[in-house]
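Novice: Have a look at this one before I ask anything.
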Amino acid sequence: MTDKYKERRFDTYGYEKIDKEVLESIEYEYPEKNTIVEYITNEFSSVCPWTGLPDNAKLTIRYIPSKKLVELKSLKYYLTSYRNVGILQEHAINRILDDLVELLQPKFMEIIGEFQERGGIATRIVAKYEKEK
């Protein structure tokens, strides 16, 4: 029996398709407080860089704002830009953290990616940033 799937592959895009420029921020009126802001979506997806198969995840973005909040529509477009990008799960979560920290300069930020099982293994990635004191 031959492996008819051995050479099968779906096209993927490179990192240049991640649309960081779509991200926008809005001013935060309570920078003196340590309010925790949390966004959760079950719709995050990227693709495996080797097979092109989808990697779907629940994504939690948790942060303590300094002077800015992320504008939610821009966040949705940004996250959707990962849809056909071939990127490792661990790299995607760290890239999201880096891009949001650059935009918002928060006091603290944590990105959690809970990826659906593949091959019987579920992956949970936690990337953190804390502003130096």
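Quick reminder: no glycine exception, Cβ is built from N, Cα and C everywhere.
Swiss-Prot lists C48 with the feature active site, thioimide intermediate, giving sequence analysis as the kind of evidence. Positions annotated as active site, proton donor by Swiss-Prot, on the basis of sequence analysis: D55. Swiss-Prot lists V70, E71, L72, Q89, E90 with the feature substrate binding site.
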Novice: Determine the minimum-neighbour residue: among C48, L72, listed as recorded positions, which Cβ has the fewest other Cβ atoms within 10 angstroms?
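Specialist: Minimum Cβ neighbour count within 10 Å, taken over the recorded positions C48, L72, occurs at L72.
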Novice: Would you mind reading off the Cα separation of E71 (substrate binding site) from C48 (active site, thioimide intermediate), to the nearest angstrom?
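Specialist: Cα-Cα, rounded: 28 Å.
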Novice: Between C48 (active site, thioimide intermediate) and L72 (substrate binding site), what is the CA-CA distance rounded to a whole number of Å?
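Specialist: C48 (active site, thioimide intermediate) to L72 (substrate binding site), Cα-Cα distance: 26 Å.
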Novice: Using Cβ atoms only, which residues of the same chain lie under 8 Å from E90 (substrate binding site) while being at least 6 residues apart in sequence?
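Specialist: Within the chain, E90 (substrate binding site) has Cβ neighbours under 8 Å at I125.
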Novice: Need the DSSP three-state call for V70 (substrate binding site) to compare against my parser.
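Specialist: Note: V70 (substrate binding site) is in a strand by DSSP.
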Novice: Suppose we draw a 10 Å sphere around the Cβ of Q89 (substrate binding site). How many other Cβ atoms does it contain, all chains included?
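Specialist: Total other Cβ atoms inside 10 Å, all chains included: 17.
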Novice: Work out how many Å separate the residue listed as 'active site, proton donor' and L72 (substrate binding site) at their Cα atoms, rounded off.
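Specialist: About 22 Å separate the Cα atoms of these two residues.
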Novice: Enumerate same-chain residues with a sequence separation of six or more from V70 (substrate binding site) and a Cβ-Cβ distance below 8 A; give 'none' if the list is empty.
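Specialist: Looking at Cβ-Cβ distances below 8 Å from V70 (substrate binding site), excluding near sequence neighbours, one finds L23, E24, S25, I26, Y39, I61, L100, L103, L104.
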Novice: Within 10 Å of the Cβ of the residue listed as 'active site, proton donor', how many other Cβ atoms are there?
Specialist: 22
Novice: State, in Å as a whole number, the widest CA to CA span among the substrate-binding residues V70, E71, L72, Q89, E90 given in the record.
Specialist: 24
Novice: Enter the number of other CB atoms within 10 angstroms of the CB of E71 (substrate binding site).
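Specialist: Around the Cβ of E71 (substrate binding site), 16 other Cβ atoms lie within 10 Å.
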